[in-house]
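Summarising the annotation, TrEMBL assigns compositional bias 'Basic and acidic residues' to A:353-374. For A:375-395, the entry in TrEMBL reads compositional bias 'Basic residues'. As annotated by TrEMBL, domain 'XPG N-terminal' applies to A:1-107. As annotated by TrEMBL, domain 'XPG-I' applies to A:146-218. Feature annotation from TrEMBL assigns region 'Disordered' to A:334-395.
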DNA sequence: CTCTCACA
DNA sequence: TGTGAGAGG
């Protein structure tokens, strides 16, 4: 998995591509979020005594908890989230690719377990391994979002790819994900650490793909080849090839075709490719993912007022949440989604003048504006009255 | 994971 | 104002 490696390469070779800032800087922006990935992490992280949270009937509530509060926090910051759910698993062209993909998926869960080996947390270990995002989890989160007035859409296959399409089309500002692989799907901007700013001290990262390519001096194809070489979700990495070598190989040979050629003809046999390594098929998945175009009516979305009573019914009555918390959450949601109707205003955060003189000047200005507005209203009224008195019929 | 509340 | 422990369902 090249997540760390890819980031370190970018940091090294294209530092301008990474912009760090506070969450406030994202005010008014729309972002696309991979819902299924989020749900998975909630199921793992939202726990108490090693168990997922559950209501009295034993139904899991971790995913709803996580999604409810995280979304609230995002919305509190004036950000408008759009969730994208995974559809069917991608149809992989080669059988080998499919095999590896499946194994990787299973390994992801096994890895969590392996990491825990040696610690005394047997219970946790066991329950983590069995975590799967089910149809029911997805459906419940969709119901929750609907009640919250937060839009979502279901991707034909992979959510990440769909997020990238929306960002590329300008329907959202960025794809928000922790997964660097999202860049391979051609999102112009990747937003990382969207949620844990403020509370933690880490800043939000914007990673700009154009700057990445510029800094690496590569086109998109070479960049994707680089990522595949580092080990993407669909293919195993090449043994002994780390970030440094991967970069060097791409720079010297220009493409995976040439690199494979080189490795196979290299008499010294420094590197060995995995037995079956259908890199071209993996590359296709990044270049021709199964997605809806941004113009598809199914990609239309809007933010609406929350259904407060519906939320209470679902979360409180059915799932045992605290009514007070749900209601106060719903109120926050109502307030924020209303006020963020207006789009991003540059200069919105210009500080109010500080000295007394400046404050007075500022006040005067406001009064002037007020006066002007009043006058205008009066005039408008007059116009209207005139129009009424002299109803139009002439034309 | 996120919230809350107690405590420096 | 900030941090840590503990609850949440």
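Yeah, the Cβs are placed from backbone N, Cα and C, and that goes for glycine too.
Automatic, uncurated: that is what TrEMBL annotation is.
Taking H, G and I as helix, E and B as strand and the rest as coil, DSSP gives the domain 'XPG-I' (A:146-218) the counts 27 helix, 15 strand, 31 coil. On the 0 to 100 pLDDT scale, the domain 'XPG-I' (A:146-218) averages 94 in this prediction.
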